[in-house]
Amino acid sequence: MWGSGVTAAMVTMECLDVGLNTLSKAAMTRGMSDFVYVTYSSALATFLLLLYSFIVYRNKPRPALTCGMIGGLFVIALISCSVQMLKAFGIGYSSPTLASVMSDLLPAYTSILAIIFGFEKLDLRVQSSQVRCGGIIVSVTGAFIVTLYKGLPITLVSLPKKVIAADQLLSSMQSNWVLGAFLLACYGFFHAVTLLVQSRVIRDYSGEVITVALLRNIFVTILSASISLISEKDPNAWKLSLNMELMAIGYSALFANTIRLSVHLWAMRKKGPVFVAMFKPLGIVIAVIMGVTFLGDTLYLGSAIGAATIVVGFYAVVWGQAQEKKMVEGCPTSSHESSSPRVPLLHNKSTLV
């Protein structure tokens, strides 16, 4: 039913995405500044995309830039810069596992904002809309469970004493856990806002993914560098060690801004956006395994219950959207309606963030 190649590619992307969270957490635990991390990774991504654009447009004309395109991308970059900062701070105060759990709130946030701002319609008389609404409520409930209830630790493996001590040191600060969860919840909300703005701006430039990604990264680099120079008072924070810090920055620039974007767009073209979205909860399982193995994280009862609740709500939202899409495709439309179709927001979703 689903091509094994596309499935394998999406599973690989989820593993790499969790690896990004784990690497950034490890680098920040060793003292790397969150501001410096976002600035350097955005700058390196800009350089890589610039080189790639020279190769792609070597034998064909470059797309024309309009004031509307530049202005829209600046707004996207402004929100994206905030999103990256919130995610970096959230992971620093909590864990990559919590970041993967909270990322499953994105469909709920997106659906709520899409309904409020008229991107989608909600008819509570239809079963699919009722299920989608219930899924949103269940997802938000799961996020509150993860944030407010940590619970007893669930021992998955017998960890070395050194790893256990490090885990106890990180998990003893309950206030940091709540703060990290709050920042990651804000990250998901503003990520959804980015998708809404992005769907408006780039629909006229869908064939120019490289140009859009390059300009966005240029703006993000400028904005994050400006914020970092004001917020980061220690000049030594800009010095990178040639180990975990450099690895995290290079991984973020290469994977998050190039490989993941290309694979997601390819998978959407092959199988559709719902297929891509269905792999997101897999990140929770991968995050737990990698967190316990490499960072000494402990899986807590609250995280397990909350994660399961969010996954149930997530799949309810995805199922409801899929059913509504089938209804729209199955209903005949007039010529006026077909000139301005309403499609689910996930259909316009891009992974530029």
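Placed from the backbone N, Cα and C atoms, the Cβ positions cover glycine too.
According to TrEMBL:
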- 332-341: compositional bias 'Polar residues' (COMPBIAS)
- 179-318: domain 'EamA' (DOMAIN)
- 330-353: region 'Disordered' (REGION)
- 35-57: transmembrane segment (TRANSMEM)
- 64-86: transmembrane segment (TRANSMEM)
- 98-119: transmembrane segment (TRANSMEM)
- 131-149: transmembrane segment (TRANSMEM)
- 177-197: transmembrane segment (TRANSMEM)
- 209-229: transmembrane segment (TRANSMEM)
- 249-267: transmembrane segment (TRANSMEM)
- 274-294: transmembrane segment (TRANSMEM)
- 300-318: transmembrane segment (TRANSMEM)
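Annotation: stretch 209-229 has the most Cβ pairs under 8 Å to the transmembrane segment (64-86), among 35-57, 177-197, 209-229, 300-318. Summed and averaged per residue, pLDDT over the domain 'EamA' (179-318) gives 77. Scored on C-beta pairs under 8 angstroms, the neighbour of the transmembrane segment (209-229) with the top count among 35-57, 98-119, 131-149, 300-318 is 35-57. Across the candidate stretches 35-57, 177-197, 300-318, the maximum count of CB pairs under 8 A to the transmembrane segment (98-119) is reached by 177-197.
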